[in-house]
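Trainee: Following this message is one structure expressed as C-alpha cells.
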C-alpha cells in the first residue's frame, strides 16, 4: 500500500525523577543523602532510508512516544536513559507542523539522521541538595517532561525524470519497458493510482530514476481527478517528460498546453522547469495513411507552437513502447539532460 501523508503526534520521553535516599549502614544511624539522578528521556530521531518507499508504517497510529528515563535510586545510582525512538522514513519525506504548516525537517539523503525532539532531562537526586544547614535533604527534582508535537509527514518522491501526461497515454507502458518498475497496465483511465519509481539503466555505467506519476486531468491543480495528492510528487523531479498521445481526440498542442497550465497553477517553479516531449504510441500510425498524415500535421503544429513560445524544451521524440522503437534514443537524450542538471547542481555547491 502506498501511503504518502500521515498526521501523528510525536513525543520524546520524560526525564526520570531523582531519588530521595539516605545511607543505611551499620553504625551510621543518620547517614547522609545518596539519592541518584533520574535518567534523561529518550529522543525522537528521524532516519532517512532509501529501502523504505512509503509511510505505511505510520498508518493508523495516533501517537508515537520515546521511552521515559528511569528514576534514580539509592547508593547514588542514576536512572537509565530512556531508549531513543528512531523513525525510519523514505527519501523525500518532510516533517511539517500540522498547525502552522511550517516545514520542520526535509529528509532527502540516504542515511540522513535528524534529532527532532529531545528527551526531558532527568531530575537531580537529593545528594545535590545537601548543604551546611540541611544535612539530610528530603527533596529531589522531578524529571522534566519531554517535548510533544503534532506533525504531518509528507512524502514527495525524488526522481531524475518525472512523466507528465493525461491518464492512459502510455506512461506506465514506457516505464515498464525502460526500467525495473512493474506498474499495472490496462486500457482504462487512472490505471496508475500511486506513483511508481523505476531505475533506468542506460549502459553499464549510467542510470537514472524515473517516476510514473498518476495521470493529470484538466483541473488537477484544483483537486480534480487525483489532483493535488500526486502533483506534489512532480516537485522533486529534476526533469519533466511530457507524454502526449496522438490517439486522443485532443490535439497534441492542446494536450501540452493544458498539462503545462496545470503545472503552472500548482507551482510557478514547475512551469519553468526544463522538459522534453515524447509522442507515445507511434506504432499507431500504421492504422492508415490518412491517420498518419493527421498525426504528422499534429506534430508539426505542436513543433511550431514550441518555437513561438519562450520555453525550456530540449527535445521532441516519437516512441513506441510496444514495438520498442525510439526507446534507446530517448534514454540517451534523458541521460544527457540529467548529466547536465547534475553538473550544474554540483557547480552551484562548489
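Cβ atoms here come from the backbone N, Cα and C positions, even for glycine.
Annotation source Swiss-Prot lists GTP binding site at 165-172, 190-194, 212-215, 280-283, 320-322. The feature Mg(2+) binding site is assigned by Swiss-Prot to 172, 192. Annotation source Swiss-Prot lists domain 'Obg' at 1-158. Per Swiss-Prot, domain 'OBG-type G' is recorded for 159-339, and the stated evidence type is sequence analysis.
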Trainee: Output the one of 168, 172, 320 that, of all these binding-site residues, has the highest number of other Cβ atoms within 10 Å of its Cβ.
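Mentor: That would be 172, with the most Cβ atoms nearby.
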Trainee: If H, G and I count as helix, E and B as strand, and all else as coil, what does DSSP give for residue 171 (GTP binding site)?
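Mentor: In three-state terms, residue 171 (GTP binding site) counts as helix.
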Trainee: Using a 10 Å radius around its CB, how many other CB atoms surround residue 281 (GTP binding site)?
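Mentor: Counting Cβ neighbours of residue 281 (GTP binding site) within 10 Å gives 22.
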Trainee: How many Å lie between the Cα of residue 165 (GTP binding site) and the Cα of residue 172 (Mg(2+) binding site)?
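Mentor: So the alpha carbons of residue 165 (GTP binding site) and residue 172 (Mg(2+) binding site) sit roughly 11 Å from each other.
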Trainee: How many other Cβ atoms sit within 10 Å of the Cβ of residue 214 (GTP binding site)?
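Mentor: Step by step: centre on the Cβ of residue 214 (GTP binding site), count other Cβ atoms within 10 Å, giving 24.
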Trainee: For the C-alpha pair, I'd like the distance in angstrom between residue 214 (GTP binding site) and residue 172 (Mg(2+) binding site), rounded off.
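Mentor: That comes out at 9 Å between the alpha carbons.
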Trainee: Please report the DSSP secondary structure of residue 320 (GTP binding site), reduced to three states.
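Mentor: Its secondary structure by DSSP: strand.
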Trainee: Can you grab the distance from residue 281 (GTP binding site) over to residue 172 (Mg(2+) binding site)? Cα atoms, rounded to a whole Å.
Mentor: 12
Trainee: Around residue 165 (GTP binding site), how many other C-beta atoms are within 10 angstroms of its C-beta?
Mentor: 24
Trainee: So, three-state DSSP: helix, strand or coil for residue 214 (GTP binding site)?
Mentor: coil
Trainee: Please report the Cα separation of residue 172 (Mg(2+) binding site) and residue 320 (GTP binding site) in Å, rounded to an integer.
Mentor: 13
